[in-house]
Every structure is written in structure tokens, then in C-alpha cells.
């Protein structure tokens, strides 16, 4: 943010109506209160926005989220032979069960990482360093796959898989948490703030402009990533042919490791502009505490007071269960898909091209429809939630029949198209929804809290699904659980999350936090004077 004060700041301009559009502003207020201050030094530039988009082009998931898990699962498949059973964590387990268990372990680690880093990332100007360090770790894991490409290496693959998921998910979260600050420091929002201060627009109109600008940055970033990811995949196809991955299992194994390393190299090139051009906007002032202690104090305060943010809590609950369903659904379908195509790296690349192309069309269509008809973030989000329910229903049919429900080759092609068109916008709109219910100036903390919830859900879901598979011996059986979970979450989110009420609650939360900080400063100043 452009200001050390994350609360509400008056814009010193005359107004026709001092209270026009303001929320709970006393009648004697001389100027309306705008939610943001603007410092010319920190105004968002086009170069900075392009660099922000470029980072996401590199951090596209091909390395540690797509092909890394495929390489890991492929090595286990070869090590297990016809039994498809390996001894892991004290007992014999199926490959699918091990994958789900490792997912759970990875997400449990992420909870600890987010608690430590997210609590103080809203302070000071050094916070971009968090993303830089996490990215370097991810780069190391990506290149590390070059040394792991035989069946005997499957134990090492487990370590790369778990740490790789931690690195990927944390980089995405801390990159994403920057977009509200970028949007709110644009020239467009500064002009809207001036219009609000002068009484030309209402507070509701200002808030809508703020919401649409955040949607614009989030959706454009996702769309841009999708377009360039298709180009990256096209190059990967050429690499796969050059390595003759269809000639033998050894060539296929090596091909998977090479393409992970290649995509990592692309990520490095795309990340450098953001590392150089991101403006280090000041976060909150830690006061007399050091940043670490101030961060944990903020975490404690947020946890103790978050009950005031009832709409944030409602979204937190709905997000928990929907993220649980989606994360586990993609993992279960991914394992079924890998079996259907026999882990063939070239075939998987073709499938990804279809999925990413559909993703580009989907996110572009969602954003154009939202912009054309002035639809709210929640409306778009609920469309995606309904699509997730349909996906789980599709998988549930596969429990009863082999004719349909992620058992046939044609289904994985349809799945990629459907997932790209209707489900992938989740990764944009769920994040924009977080920004809708997050108090200004607390973005990194609250994005981390939501990520912790998302990772906790992804920790529970895979473990439950793994236990279901172990008990039933049917790889499709988790869809009973997943369909019920996604349907219940969809209904809850529709009826119990109100963004307008959330804005009022956020203002009250910030005012109380500012008052508490002021009282603490007075006490500390008084104690110092006495000494």
C-alpha cells in the first residue's frame, strides 16, 4: 500500500455532499472519507504491471505442480511393478494412496510456513524478499529433477515432490497478495478517489471501481499466463520429440526431468523483471517492536478479533470446504488421468495444451462477461463453484460404472476442456473474493490466513480420500465425499457471504485496530517519559 496507515484517509478536496457514499461517517464531517491514500512515488506503472504478469507466466505450475507430480508418480509406478503397491510410512500402500498422503504432508508444512511468514509480511518495505527467497528454493527444486529419473530414485522423488509443492504454493500466494496494492495505487483508482472526495460519485461506486480494477489485474494476469503457457508447451512438445520420449521408459523418464528443468529456466527469466521493478511500497509501521514481534502481535490480534469480520469468517468457512473439494478432486482425477495415458509425457503435454487453451478462453470469457454486464465478483465466483459441483458429480458416476466417470481416454480430453473453461477461473475469482473480504493494509496476513485454511483443507481432504481408497480399493470412491462437500460449500457460500456487509465490518475492524495502536503508543510514550 502507498501509506503506512492502512486505515481510512481523508482526501482534502471540497465536496458537494460531505457524506455522499461514506459508510458510517458523522454528519459534521467536512470531507468524505476515501479508503486509500496516494503517494506519487508509489503510483503503479505499466512496466510494473507487465512485470507482475510476467512473473505469473513463469510461475505457471508446469514445473512443480504439473510435471513434477507426474514424474514422481511415474517413478513409483515403475518401482512398484504390476502390484502398484509400495512400502511407505510404515505400511504397504497403493500409488494413489501415497500421492494423497504426500499431498497432506506437503500442505501441513505449508501451514507452518504461512504462519511464520504471513504474520509479519505486511510490515516494512523488505517483504518482496520473501517471494525472492521462496522463488530461489523453487528454482533449485526444478533443476534438482535432472538428477532424479530412475525407478530407484522414487524415495528422492518424494522429497522433491513435497518440498516442490511447498515452494510452488507459497510463491503463488505471496505473488497474489501483491495485486490489491497494485490495483489501489493505479492512476484510475486515484482519479476515482478524487471523484469521491469531490462528491461526483458515491462510496458504492468507488468500491465497485476498486473491485473491478482488482478483477482486471487478477483476470488479465491469469489470461496472459494461459496464452504464454500454450507457447511454452508447444516448445516442450518439440523437446519431447527431440528426446524420443516414446521410444522407451528411460527416455520418457528423462524427458519429464528435462521439461521440468526447461520450464524452471523460463520461470527464472520471467521472474527477474518483477524482482527488479516491483515498487517497495511501505507496509505497516511496526512501531517500537521489531518486525517479527510486530507480525506475531498482528497475527494474535487478527485471530482474537476476526470474529468481528463475520462475512470474512463466512467466506473463510466456505472457502475451506470448497478448496478442500477442488484440491482433492484435481489430485484424484490427475492420478486417474496419468493411469489412462500410461504416464506418457508427450500425451500429457497434449492434454495440458488443450486444458490451457480452454483456460485462456474461459478466463477471457468470464472477464468480458463480468465487465460487459457489471457483474459482481461473487456472481462470477458462484458460477465457478457450480462447475466444481458438476465435476465431482461426473466423477461420482464412475463409482458405479466403467463406461463413464474418468475411466475412458476420451473423458480426459473432455475433462481438460471443461476444467479450463469453467473451473480454472476459480484461481482468479477465489483470490479476488479474498481481497473483497480483507481489510486494507492487512493483505499479506489475510491472504496467508486464507492460504493456511486452503492448505489445511488440502491436508484433510487427501488423507480422507486416501483412507477411502485404502478401505474400498476403488480409486473413484472419494467422489462420494467430494461431491457432498462441494455441493454443501456452494450452497453455504451463496446464502451466507455478503460482500457489502463485509466492507462495513472491515472499516470497523480497522478503526478499532487504529485506536488500539494509538493507545499502545500513548502508553509506551508515557512509560518512556517516566524513565
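Glycine too: its Cβ is placed from the backbone N, Cα and C atoms.
Of the candidate ranges 98-118, 287-307, 308-328, TrEMBL annotates residues 98-118 with the feature transmembrane segment.
Checking TrEMBL for transmembrane segment across the ranges 71-92, 379-400 points to 379-400. Below 8 angstroms of C-beta separation, residues 59, 63-64, 68, 71, 75, 117, 121, 156-157, 160, 163-164, 167-168, 170-171, 174-175, 256-258, 260-261, 263-264, 267-268, 271, 275 of the same chain, each at least six residues beyond the ends of the transmembrane segment (130-148), sit close to that stretch. When each of the listed stretches 98-118, 154-182, 254-277, 379-400, 412-432 is scored by C-beta pairs under 8 angstroms to the transmembrane segment (348-367), 412-432 comes out highest. Listed stretches 98-118, 154-182, 221-242, 379-400, 412-432 were compared with the transmembrane segment (254-277); the greatest number of C-beta pairs under 8 angstroms is found for 221-242.
Within its own chain, the transmembrane segment (379-400) is flanked in space by residues 322, 325-326, 329, 332-333, 366, 369-370, 406-407, 415, 418-419, 422-423, 425-426, 429-430, 432-433, 474, 476-477, 479-480, 482-483, 485-487, 489-490, 493-494, which lie at least six positions past its ends and keep a Cβ under 8 Å from the stretch.
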